[in-house]
Structure formats: C-alpha cells, structure tokens
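Over in Swiss-Prot, the protein carries these features:
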- E173, R219, H451, R491: L-aspartate binding site (BINDING)
- R219, D220, E221, Q228, E484, G536, L537, D538, R539: ATP binding site (BINDING)
- 197-200: region 'Aspartate' (REGION)
- H30: site 'Important for tRNA non-discrimination' (SITE)
- G81: site 'Important for tRNA non-discrimination' (SITE)
Amino acid sequence: MRSHRCGEVNESLLGQEVGLCGWVHRRRDHGGVIFVDLRDREGLVQVVFDPDHPEPFSLAETVRSEYVIRVVGQVRARPEGTENPNLKSGRVEVLATSLEILNRSETPPFPIESDIEVNEEMRLRYRYIDLRRPVMQQRMRLRRDITRFLRNFLDHHGFYEIETPFLTKATPEGARDYLVPSRTHPHSFFALPQSPQLYKQLLMISGMDRYYQVVRCFRDEDLRADRQPEFTQLDIETSFMNEDQIMTLMEAMIRDLFRETLNEELPDPFPRMTYAEAMRRYASDKPDLRIPLELVDIADLMAGVEFKVFAGPAADPEGRVVALKLPGGGDLSRKDIDDLTRFVGIYGAKGLAYVKVNDLGAGLEGLQSPILKFMPESTIRGILERTEAQTGDLIFFGADKARIVNESMGALRVKLGQDRGLVEKGWRPLWVTDFPMFEWDEKSGRWVALHHPFTAPKCSEEQLRQNPGRALSRAYDMVLNGTEIGGGSVRIHRTEMQQTVFDLLGIGEEEAQQKFGFLLNALRYGCPPHGGLAFGLDRLVMLMSGASSIREVMAFPKTQSAWCPLIDAPAQVNDAQLHELGIRLRKNPAVEGGTVPST
C-alpha cells in the first residue's frame, strides 16, 4: 500500500513517485490549494492537492482530522521561504496525483499534540488516541531502542533468554499476590509472579549459567507514582560470579546503553556507597546525588541539654538528631517555614526547628530562632561549626526516632533541592551496598528480610544466628538520580544457610517445606554460587525519556487505583463462570454501590 513512511520522505527522493499511508494531522485550504500534513509513526510530510488533479483535489476537500488516507504523488522541493526546519521532511512536499480514504474518523476527544494538557483519565480511556501523540510515539520508540540494546548486550555476553511460568505458586515476598483460581484443581489457586526469583535460581541449578528475561511481573499493592500492578523487569541471573563482577558487568551495560541511545557518558566506574553511609548523609537508600545538601548528625552535641525535644532522641538508642543546612536559605519567610513544617508532618515529624544565620560574625545576636533560648551557647557554636554555616544560611533540625527523622528529613532535602533550583544537571549513578540482612518489624514482633529471604549474608551461619540485627547482606542496588533502577544480590546456595534464614524469619521447617520445599531440595543437588539482579524497565525508560511517571512510558497502564478506563477492568464475571471455578461471592458488589471506583 505504501512505498515509504511519512517521516522518511526527504530530498533524496526528489522527482520520485511515492505511496504514503497515514493519518491526517492537519488540513489547510489556501487559495484553491489544499495542504494536508500526513502523519505516521515516523513523522510528518506535507501533501499538496491542486486543481490540476481534479479527482484527488475534490476528495481532499472532504477529509478531516484523523482520517486514514493513502496518497500517491511526486516528491518536489518546497517553494523557497516555505521550508520547515522542524520537520525531517521540511524541505520537500508531495504533489498528490491519487487519494484514497481508507477510513474516516470522528472528532478526537483531544488534539493529537504533544504539548496539550489533557486529563489523565481521559487519556487512558482513549489511549489509542493518546498514543498517536508525537511525544508518546517517541517514548515507545525509545522503549524499543532500550529493550533491543539490552537484549543485544546480554546475548553478546553469553546470556540465554529463557521464559519462566506466569502461573505459579503464592510465596511471601512482601506484597500481595494476584491469585488465579484453578478450574481443574478445585479449591486451589495459582499466583501471578511478583518476580521470577525462584525460577531463575532453579535455572542456575540447572546449569544454564547465564539467564535473562524481559518479563511482566505482578504485585497487588498500594500504588504510588512509580508503581503499577503489572510492570516489566529485565531479569538477570548468573553463576560463578561474585557481587563485584556482577556489578561491573551491569554498570558497563547501563553505561553503554546511555552512550548508544542518548549519547550521554556515565562515569566509569560508578561510585559505590554503603547503605549506612547513604542513610547517614542523605537519609535515603536511594540518594539523589545531584542535590548538594547533606544531613549532619548532632546527637552528641545535644547530650545533656535541657531541651527535651532534642535531648530525648539524642539519648535514645533508636533515636536520631540531625541538622540540614540550606545555603542562602535565610530568605525563607515564616510562611515558607510553616509550609515546610506541614510537609515534614506528612512523614510523622512533630515539628521543624530551625536557626537563621543572619550575621555569623555577630555571635548569638546574629542568629534568629525560637529554640536558641533552650540551648547553651557551646552547643549552638558546635552546630554552626559542624554544619559550616555562613551568613545567610538556614539550618533545619530533625529529632525523633531514626525512622521518622530519615523519612522526613530525607524528603525535606529533596524538596528543598527541587524548590530552590539546586538540582544539578546530568546523570549521577550510584551503587548502594552492604544492606542489613533484616529489619525488626514492631507490629509482628519478628525479623523481616530487607530484600528477600534468598539473599546471602556476608557473615557465617553461626554469626548470623548470634546477631541477626548486625548482619549485612551481599545485596546491591543501582540508583540513578534518586531512583532505584535495579537491585539484586548474591543468593544463598547452601541448604543449611537457607534454612537458617527461614528460621530467623519465623518460617519453621514444616512451613519452609510447604512453601519452598522445591528450592530446598534443589539446593541439595550441587547448586553453584550464583547471583543476579532485576532492572525496572519502566523506571529506566521513564528516566531516560524525561517522563514524570512510569504510566507515561507504558502502552496501556492502569490508574493509581489499579483500574483500566480503556476496557473498564477489573470487572465482574457472571455466576456461571464463578460456579465453574467453585467460587461463590458473599456479597454482590453491584448492590453495594457499583463496580470500579474512578481515579
């Protein structure tokens, strides 16, 4: 039907006849000559209809926006002064000699333009229209380029692409599973995989040596801007490599990816930082290194002061007291500070103390703060020295349980960096290493795995049992501009160590056999040392395309309430289907107020 795509028409085709198919992007009638901007995936080309060709000219008078047409015509140079430097085809046009309307279109619900603001629910309801917009076409093209490059890189390095099952078994991995009832096995359920974690470990035991997969994963969890109930991972596993070797290979892949697709150079090697250092300096295990603000611990300076807001957390083994200097922040008004106080309150902070440094040379007289009267001069001077404060700066304080301080002050650091224009340009990758093996869950009163229960510890089995709270894991996360784009670890490859970890997590031998017996059995048959990681493909494309959400780089995403406006899913099923599956609903949701909530 066509000889070329619209975006491929250029000066190399001057004088040639071409056949084009696409959508009418814009139609203009200028003094008896009709101009149509014809659009397809590759771009736009201007098509001219003049009265010298009466049949196509007459038909062109009837075409409207988003009609699908086929044009045959001759490529010619645009008249001097009418060139469009913004188009690849901007120096030429096609003089139409034939026109066929392949399909008509109703008026679209919104313009097919990249810079038009449209309600997100409307965009998702008419996603097939939204995906026609040039910006969405560019994102899908970049996603294709990224996926193709990653596959080629891994193929070149001896990895096999192997598919793993979608219908699997429910296992505790930190989020709720999507369950699928089995018709052939009554009262039993499959689960959709949260990741191929166990299957890829079994592939290493199978001797596959190096595996990867571009795979859909499913998690039934509360959604945030960077989460979806179904998402895509680049899943990787390899045998006989330690963490340094895995990290070196993976950062080479990401470095080559940025060079190939964005013409951007990333550092070689990527910097590395321990989890403890990241939390100490940035109150985050995925710090954005483009923001030049750091937290400073001052608990030792607060020991013994009468100001209980600081003294209490300073004396608490689980507490933390920090200072965060904002250079030039002395110009913030009281209203600005009140707004920031409400912001940190979202994360559990009970307030936001501060000191303005109006004139460092004037001593205490040059400082402004309601908390100065509660602290001795030596403490104040110690804070000024440790934060290296200068005239015009503003120092914020966080004091509470370490978790609350980290969450609130870490978020404040990012907000101040963004609001004050402090975020540096460029790409700042980072490896975060030496994560704790476990964290204590107050609600359940037990240890939980910080990553997953198959991560290998750095210590011996005996040391792990003696002090699980101090054990570090062989885990590593790749962070880019404050977003975790990949995470992995060296895995446990001995049955005894795996059972020890299960014991510490409160998973007894009987429960472990019931849920993970297949893995424990496989570990007994010559399991090699192995490790790997998974990259969030959606997040990676989001960052590289400059999109604000992973929904912007997925063809058919769900809303933040896990609903698809396009096909109205999830939806009810009829009684016959439920009966066949042996399921009976206790209540009828239709009677109780409808089916799916809107966003």
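Heads up, the Cβ atoms here are built off N, Cα and C, so glycines get one too.
Owing to the predicted nature of the structure, the values given are computational and were not obtained by experimental measurement.
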**Candidate nearest H30 (site 'Important for tRNA non-discrimination') in space, where candidates are the binding-site residues R219, H451, E484, R539 and distance is Cα-Cα** = R539
**Prompt:** Do you know the mean pLDDT across the region 'Aspartate' (197-200)?
**Reply:** 97
**Complete:** Its residues classified by DSSP, the region 'Aspartate' (197-200) shows 4 helix, 0 strand, 0 coil
**Request:** Work through the binding-site residues one by one (E221, E484) and point out the residue whose CB has the fewest other CB atoms within 10 angstroms.
**Result:** E221
**Request:** Give the three-state DSSP assignment (helix, strand or coil) for H30 (site 'Important for tRNA non-discrimination').
**Result:** strand
**Nearest-integer angstrom distance between the alpha carbons (Cα) of E221 (ATP binding site) and G81 (site 'Important for tRNA non-discrimination')** = 57
**Fill in**
Cβ atoms other than its own within 10 Å of the Cβ of H451 (L-aspartate binding site), all chains, total 20
**Distance from L537 (ATP binding site) back to R219 (L-aspartate binding site), taken between C-alpha atoms, in Å** = 15
**Message:** Can you tell me how many other Cβ atoms are located within 10 Å of the Cβ belonging to R219 (L-aspartate binding site)?
**Reply:** 21
**Complete:** Three-class DSSP assignment, H451 (L-aspartate binding site), comes back as coil
**Asked** Who sits close to R491 (L-aspartate binding site): which same-chain residues at least 6 apart have their Cβ under 8 Å from its Cβ?
**Response** Q201, M204, F454, T455, A456, H530, G531, G532
**Prompt:** Tell me, by DSSP, whether G81 (site 'Important for tRNA non-discrimination') is helix, strand or coil?
**Reply:** coil
**Request:** Name the secondary structure element type, per DSSP in three states, that contains E221 (ATP binding site).
**Result:** coil
**Request:** Write out the long-range same-chain contacts of L537 (ATP binding site), meaning residues 6 or more apart in sequence whose Cβ is under 8 Å from its Cβ.
**Result:** R143, I146, T147, V214, F231, T232, Q233, L234
